[in-house]
Each structure stands twice: as structure tokens, then as C-alpha cells.
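Have a look at the structure below, then the notes.
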Amino acid sequence: MADTSLMPIPGQVDPVPAPRDITPRADGRVDLMGLPKARIQELFAEAGLDAKQAKLRSKQVYHWLYHRGVTDFEAMTDIAKTMRPWLAERFIVGRPNVVEAQHSTDGTRKWLLQTDDGHDFEMVFIPDADRGTLCVSSQVGCTLNCRFCHTGTMRLVRNLTPGEIVGQVMLARDALGEWPKGRMDGLDDVEDTGHYSADGRLLTNIVMMGMGEPLYNFDNVRDALKLVMDGEGLALSKRRITLSTSGVVPMMERCGEEIGVNLAVSLHAVTKDIRDEIVPINKKYGIEELLQACADYPGASNARRITFEYVMLKDKNDTDEHARELVRLLKQYNLPAKVNLIPFNPWPGAAYECSTPERIRAFSNIVFEGGISAPVRTPRGRDIDAACGQLKTAAQKKSRAERDREAAAEAEAAASQA
């Protein structure tokens, strides 16, 4: 029987609880991905293990899942051989399904992923000289309708579960060979040459800046990030994780208290009229209310500054006056801030153009002169539509039937050569 647990589905600006059917696996097994150790222990007890065995086995399985990236119970060598088939009959360690993997000329990688119930979403890995950043999605689609963002042209399909969110991190580590036994079969689609941190990790940072508004899927995002930050699991420091919001003000304090990661705010305009147009949530939570929530954000300090994202749109939000007003607002609220200036990344049908390089530099200089760091973000992955604001699932760009025809043609060609 389908589980009809509540899932928050945001309307135009605020989440509204709404039921949705969760289709169980056809084989009846329970996916452990995205579950904390305590829940795994409960499931093992419900499946018939006594309390002592449930506690021991959950600790072992949790370690293999999140610390070593193992998906096959037979590979969990410190678990009794007789126990491994018992686990495999009842449980599974899932990953998002990979539909397509793309590699940009600048090293950026994008994966088109699919949930078990057939919904597509994307994640992006961006390598730099001293770090490797994974851009993670929180929803399939989005409701915020930001005018400059390709994802904003999609309807919201559903929230991603904790397993589907943390599964993106697991999948990226699979592909990058981040586990003790190296690359996972079938995922080493692109060779990487360098390591970006002292401990040899390629994936050093996570940004919740993929598809969707993370604070409209707060519980699932929180639960997933707790697994990522757990010292017995993926063990990524909260200082290396940034959550980006378009300004869901009522959830920002909880974000700081319950998750505690770095905060980024999609500001993009400094006047009500312009922000109402390009970031419609501003009609509900205005600039002043948003900036006050930033000033109150738990943990914000000069050592942990809030990042304000500002996409540069030609003749829309890029004048000297806009730059000076940005400085004034951030100083008015005494915010420990830095500003990321983002050249607009074009996509088919977009209503805007990117500001000229000269205009962007002039804007940046004014903000710098005002005492606030304002670097210009280098666009990454434009050639594979992986840059900021370009994510939109291939299901929207290319029909599934087209992809099926292409796959059938490839299979037929391979068979003819055999």
C-alpha cells in the first residue's frame, strides 16, 4: 500500500503541506540511503534482529554506507557472512540513476539524474585549483519563478528526499574515486588528474545551489546535510557547505540553528520594483525584511560572512547607482558580507542579456571601494548548460522519446558491429 506521508509543496511563495503517494519498491526492500544510524537500527529491529544485534549491525552498515561508499552488503567484510544475504533480502543501498554525464571543456561535469519514480534533476561538479565544489539540487523543478533562471521556468514536480539529496554527494564521490577502493565501475566517465586539498579529496565543498529552493524543502535538506557533516559518515565540515536561498525569511533562523552551514542569499536587485520582477518572492518578503533576517542569522561573523549573489543583467540592475545602493544597504544592516557578481548565463528564451565586461568591472569597483568584497564569478560549464541559472532537466529540453530513440539506435549499431 502506498505511503501517503505529507510532503511540503510550496505554492507561489509559501510551502503548503500536501499529500503525495510514495510508491514502494516492487521487491519490497527498504532503501537505507539517506537514513541516520538510529533509523537504520530501528529498521533492523523491526525486521527481526534483537536489540544488541540491531545496534551492532546498524553501526557497521552505517560506516560502510557513508564512510566507505559501499552499496553491496557482500562487500561489508566485518559483517558475518550469514548476515549479509539476510540484509540483501530486506534492504538496499541506492543511488540516483544516471541518465547522462557531460564534461565541459573547462573541467566542469554535469550529471542528469533520475529518481526511482522517473523524475529528472541535475547536479554539477566544478573543479578549481584549490577546491572541488559540488552543486546539489534540493527539488525537481522550482516554484519561485526567478525570471533570469532556467530552472524557474519549470513547474515544481516534488521535493527530493534526504536519500536523493545525500545520494548526489555519494554518486559524485563514486565518480571521483573518493572511496578507499577507488573508482566505482561504470562511473569513471572522466579522468581527473589532481587533488585539491591536503587530505587528497577532490570533492571539498558543497553548495545547495542546484535545482529548487532548499528552504522550501527544509526538513529533507537538513536531514541530508546532517549525514554529510557527521564525523562518522561523510565528515564534511559545515564551514565547507553553503546553502543558498532566494529569501524564505521565516526559515532562515532555523537554517542557522538546525543546520549551521554558510548562508548565501540570491539578492540580485536593490530596489523593490526590480526585485519584484526578477525574484518574485520579494513581493512576500521584501529586501529590508530579508536583510534583517541576514543580520540575525545565527553564526554570521566576519569570519563567516554571508554571501550575496548578484546576477548582472544588462540595463536592468547594473548601474553605478545600483552598486552604491548595494553598499549602502549592506552597511545599514551592518552585515558581515561579500558579494558574488555573476555574469548572466544565457539560455533559450531568456528575457535578459548579460551586462558588458566593462560594466561589470565598474560595478565591482564601486562595491570594493565601499569596503565590501565583490569578485566577479568566472562562468563555468556554459557549453554544457551547467553554469549558474542554466539548470533545467533534459526531460524539458529533449523528450524522453527522443532519448529512447537515440538509445535504441546506439544499441542497434552496437549489435550490428558485434
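Cβ from N, Cα, C; glycine included.
Here Swiss-Prot flags Glu122 as active site, proton acceptor. Under the DSSP three-state reduction, Glu122 (active site, proton acceptor) is assigned to strand.
If you look up Swiss-Prot, you'll see Cys388 marked as active site, S-methylcysteine intermediate.
Residues or ranges marked as [4Fe-4S] cluster binding site in Swiss-Prot: Cys142, Cys146, Cys149. The Cβ neighbour count for Cys146 ([4Fe-4S] cluster binding site), using a 10 Å radius and every protein chain shown, is 21.
What Swiss-Prot records for Gly212, Glu213, Ser244, Ser266, Leu267, His268, Asn345 is S-adenosyl-L-methionine binding site, and it gives sequence analysis as the kind of evidence. DSSP assigns Glu213 (S-adenosyl-L-methionine binding site) to coil, not to a helix or a strand.
Annotated compositional bias 'Basic and acidic residues' per Swiss-Prot: 399-408, in sequence order.
In the three-state DSSP scheme, Cys135 (disulfide bond) is classed as strand. Within the same chain, the residues at least 6 positions away from Cys135 (disulfide bond) whose Cβ sits under 8 Å from its Cβ are Met123, Val124, Phe125, Ile126, Val207, Met209, Gly210, listed in sequence order. Swiss-Prot lists Cys135-Cys388 with the feature disulfide bond.
Annotation comment: Swiss-Prot describes 128-383 as domain 'Radical SAM core', evidence class sequence analysis.
Annotation comment: Swiss-Prot describes 1-21 (among others) as region 'Disordered'.
What Swiss-Prot lists as region 'Disordered' is 393-418 (among others).
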What's the CA-CA gap between Cys149 ([4Fe-4S] cluster binding site) and Glu213 (S-adenosyl-L-methionine binding site) in angstrom, rounded?
12
I need the CA-to-CA distance for Cys146 ([4Fe-4S] cluster binding site) versus Ser266 (S-adenosyl-L-methionine binding site), whole Å please.
10
Output, ordered by sequence, the same-chain residues six or more apart from Ser244 (S-adenosyl-L-methionine binding site) with a CB under 8 Å from its CB, or 'none'.
Val207, Met208, Met209, Pro214, Leu263, Ala264, Val265, Ser266, Glu309
Cβ neighbour count within 10 Å of Cys149 ([4Fe-4S] cluster binding site):
26
